[in-house]
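Written below as C-alpha cells is the structure these notes are about.
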Amino acid sequence: MRRDQAQRPIIIAAGGTGGHFFPAEALAAELKRRGRQIVLMTDARSGGLTSTVFADTDRFVLPGAGIAGRGIRRAGQAVIALGHGVVKAGALLRRLEAGCIVGFGGYPCIPPVLGARLRARNVPVILHEQNAVLGRANRLLARKIHCLALSFASTSHVPAGTRTLVTGNPVRPAIAALAGTSYTPPGTEGVINLLILGGSLGARVLSDVVPAALALLPPALRQRMRVTQQCRAEDIDRVRMAYAACGIEAILAPFFTDVATLIADAHLVIARAGASTVAELATIGRPAIMVPLPGAIDDHQTANARILVDAQGGWMIRQPDFTPDTLAARIAGLLAEPGTLADAARNAARLGMQDAVARLADTVEQSLDTARAPQGDFKGEIKS
C-alpha cells in the first residue's frame, strides 16, 4: 500500500565539507522536530563530520558522490561511479517512496537528483545554495528541479528560468540558540577573546600567520590575549609553541563542538569565508576578519566575504596580502577603536536571517503538498 505524500520520507542529499553538511543538519533537525522522517544520502567523506542529528537517521553512501579529481583516468572512473550512483539512488528513491529531495550542492547531491529524474520523476527536488556564487553541481541541476533556495538574493550564476526563493542559510541549532547575543567590545583592560576558524578542513595559512602577527603586538596587548584556534592536528604542536614563545594563552583543536559558544564569546574572529562561517557570524553577530580561500571554485569565498564587507560587518584580507605585519596592524587598529568593532557586530547581525531553517523547512513541506502539480506552486521568483 502506497503511503500518503505527507508521510513519505524526505531525502536529504549532502556531504563533503561542513559548508554543505551543516545546513543539511540544521534542516534535518527542524524537520524532525516537525515530525518528518528523514533519510540521508551522502558520500564517504561525511563520516568524518560529527552529527547527533543524523545519528539515528537511515544513511546511504552513494558511489559517485565524491567524484572530484583531475586527469583522464580519474575522469573516466568518476563517470562510471556517477552512473552507478545515479542507478542506485533511483532504485532507493522508488523503494523508499520518497516524498521530496533536498540537495545541498556539491557532488553528493548529483546522484539523487539525476536518479529522481530517471526513476522517480514525480518526486519534487529542492536545491539549496549556501554561497554567493551558485556552485557547479547546483548550476548543472538547476533546470531539473522545482525550486532553488538561495542564501543571498544577489547570488550569481543562477541560470535563467530557474525558480528561486531566498531562504537564507540554515545554521545548526546551537548557533540559532545564540542568535543576536549582545556584543561588548574589549575595553582597555581585561581579556581579549580571539577566535580563529579555518573551516572544517583547517587552514594552514592561519596557523602560519596569526601567531606571528600576534607576536608583533605590544606586550601589554599580548598578555591580554586569549586565543582559541582551529588548526590541523599535525600543526598543533608547532602553533602551541609559537604562542607560548610570545606569552599568549591558546586553546587549539582540529574541531570544536562548542563553536556557537566560542563565536558568542569572541571579541574578534579571524576566519575563512566559507558560507557556514559567514552565516554563523551573521546569526550571532560578531565582527570578523575574513581570509577567503584563494583556490575556491569560482572564487566563491571572496564573494561570500564581500557580502559581509559591503554590509560593514567585517573586513577582508586576501591571502597574498595576509602577512604578519598586515594582520598585526589591522588587529591593533581595531582594538584601539572598540566602537568600530561594536558597529561591525551590529551590522553583521543585520545580515543574519534567523528564520532561515524555518523558511527552508516550510518550502520543503509545501513541496509535499504540491508534488502532483507539474510545476509545483512555489511563490518564488523566476530568474531572468
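The backbone N, Cα and C atoms fix where each Cβ goes, and this holds for glycine too.
Summarising the annotation, Swiss-Prot assigns UDP-N-acetyl-alpha-D-glucosamine binding site to Thr17, Gly18, Gly19, Asn131, Arg172, Ser200, Gln301 and lists sequence analysis as the type of evidence.
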If you count other C-beta atoms within 10 angstroms, which of the binding-site residues Gly18, Gly19 is the most crowded? Gly19
When DSSP is mapped onto helix/strand/coil, what comes out for Gly19 (UDP-N-acetyl-alpha-D-glucosamine binding site)? helix
Least Cβ-crowded entry, counting other Cβ within 10 Å, from the binding-site residues listed as Thr17, Asn131, Gln301: Thr17
